[in-house]
Amino acid sequence: MSDPKIRTPIVCVMGHVDHGKTSLLDRIRGSSVVASEAGAITQHIGATIVPIEAIRKMSGSMEKIPINIPGLLFIDTPGHHAFTTLRARGGALADMAILVVDISQGFQPQTIEALQILRNCKTPFVIAATKVDRIHGWRINKDESFLSSFGKQNERVKTDIETKTYEIVGKLSDLGFSADRYDRVSDFQRNLAIVPVSAHTGEGIADLLMIMIGLAQRYMGEELKLSAEGPGEGTVLEVKEERGLGTTLDVILYNGTLSVGDEIAMASQDDVVTTKVRSLLKPRPMKEILIEDRFERVKSVVAASGIKVSAPGLEKVIAGSPLFVTRGNMDELAARIRKEMQEIHVNLAEEGIVIKADTIGALEALCKELESKEIKVMRAQVGPVSRHDLIDTETIKNPTFRVLLSFNTPILPDAADMIKDPLYTQVKVFSGQVIYQLIDQYVAWRDEQKRIAEKAQFEHVMMPAKIRLLPDCVFRQSNPAVVGVRVLGGKLRADVDLVKTDGKKIGHLKTMQLRQESIKEADAGLEVAISIEGATVGRQLNVGDDLLVDLPERHVKVLEREMLKNLNISTQEVLAEFVAIRRKAEPFWGK
């Protein structure tokens with residue numbers, strides 16, 4: 001019998017996109033939710049209870065070992081690039097974690113970010129080296145332990161597995177973690193265990209679960225005992241309408257006990273809301289709480305559980321809110337909830353884009369990811385996109401910030417009508433259900449807008465250029481002088497004034513020709529014929545002379561302050577030469 005005072009340990013599964021987190025959980029629970037999620041990536045936290053009986057059944061070697069924990073509750077954190085507060089909350093919520101790494105691809109940026117989260121949260125974890133069945137030449141032994149299956153492989157495959165495992169060991173060492181393959185680890189507190197597995201064939205899954213149970217049992221007994229008693233504490237995963245029940249909450253209870261009739265407090269769109277639990281619906285073991293299924297009604301639940309709560313007045317509860325059972329300490333809990341919700345607020349800038357999302361976790365996910373890409377956010381809110389949101393966004397001065405990102409949240413009809421109007425161009429709206437795709441769309445649009453703006457700026461700003469008069473290419477001496485020149489650097493355009501390298505004015509370059517065709521501009525390296533008004537060859541200029549475009553001071557300021565990084569090296573050098581000539585006479589010219 002499981003000790004009723006010991007709660008189910010919470011396990012979170014983290015890792016790089018497409019490394020097989022959801023597939024691994026699918027294998028463990030025997031269901032398949034991969035295809036139902038947007039972009040085949042899990043966007044909201046789901047929870048699955050895997051009872052100890054199921055784990056014993058999978059791992060024959062555990063049948064005789066006394067186990068006093070009731071099973072494992074898995075949280076499947078979002079599987080895309082945004083390792084965010086939703087994940088950090090997943091990390092903090094979890095007692096243990098499985099970090100999924102594709103054995104062939106090794107560590108990716110998100111893997112390292114997941115490691116940092118687990119380190120920050122001080123969460124013990126195991127590495128699941130997935131997709132061993134993809135190793136060339138691997139012979140499948142369905143549902144066997146890794147060591148049993150490994151023993152049946154040929155030497156080349158064994159060597160390949162060893163090499164790939166030690167590449168992971170090496171990378172972990174670089175990041176400050178001591179690790180080895182699980183069967184070579186004697187002290188699981190000091191060393192990370194790497195368990196090679198295949199979600200597709202089930203190989204190694206039993207070993208992984210055995211290690212997780214062992215870790216929980218050996219190192220977390222006291223912590224798990226203490227958490228099962230007292231008033232319940234949890235996190236609201238989702239606020240949902242259920243037929244026959246009205247508005248319900250999907251909750252992860254991570255501490256204490258929750259019973260029918262308990263008064264509970266949560267954050268709502270207005271402030272803190274309290275209500276009494278009408279009914280508790282517990283998912284049947286081995287089912288994912290986010291998949292529609294029958295629930296069993298229970299009178300009370302003990303942490304850790306994924307539970308559905310039915311109660312009056314839940315309509316405005318915010319997904320991601322903490323949930324507390326009150327015991328006459330309402331003021332204290334309300335203050336705690338308000339503090340926690342304030343901490344959720346993201347870093348907002350004076351100027352930036354506007355974002356809307358369906359849950360706090362999603363909002364944070366979006367904000368954190370935008371922050372990592374140095375995209376500023378001016379306003380971040382939970383809820384649908386309204387006409388008012390668009391009107392507010394219109395006031396943003398920078399056109400590349402006059403943008404609204406809508407993640408997984410509806411656009412209300414009045415706003416949709418505005419967006420559909422082909423004449424409405426004031427605000428650019430991006431909406432989607434996969435965070436990284438949404439951000440990629442915005443970044444692509446923003447970069448294109450910048451490119452268009454830069455092109456327009458280049459066309460309006462006079463560009464630096466340096467030319468040299470070529471021998472045997474004087475076609476006319478004056479009125480206007482027509483000569484052949486080579487462009488030594490920069491970008492030469494027609495209709496500009498020219499000066500010598502000592503700053504002396506020469507005349508006005510009126511037109512240019514290349515192979516007897518009129519052109520507007522010429523890049524470095526080209527040889528062209530130019531007409532110069534106000535100059536006479538043999539008097540003001542001679543063959544072999546170098547000339548520079550005489551740039552107005554206001555154009556130099558724009559070039560140096562706004563466009564310098566977009567100028568090629570030769571253009572930058574010509575600009576520097578011209579500015580140095582002008583500053584000999586006027587030290588602060590162009591500054």
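Here the Cβ of each residue, glycine as well, is placed from N, Cα and C on the backbone.
A quick note: this is a predicted structure, and the numbers were derived from the prediction, not measured.
Checked against Swiss-Prot, the range among 76-79, 152-155, 240-243, 296-299 recorded as region 'G3' is 76-79. Cross-referencing 130-133, 162-165, 370-373 with Swiss-Prot places the feature region 'G4' at 130-133. Looking at 40-44, 350-354, 405-409, 455-459, the range annotated in Swiss-Prot as region 'G2' turns out to be 40-44. Least crowded of the binding-site residues (GLY15, ASP18, LYS21, VAL132), judged by neighbouring Cβ atoms within 10 Å of its own Cβ: ASP18.
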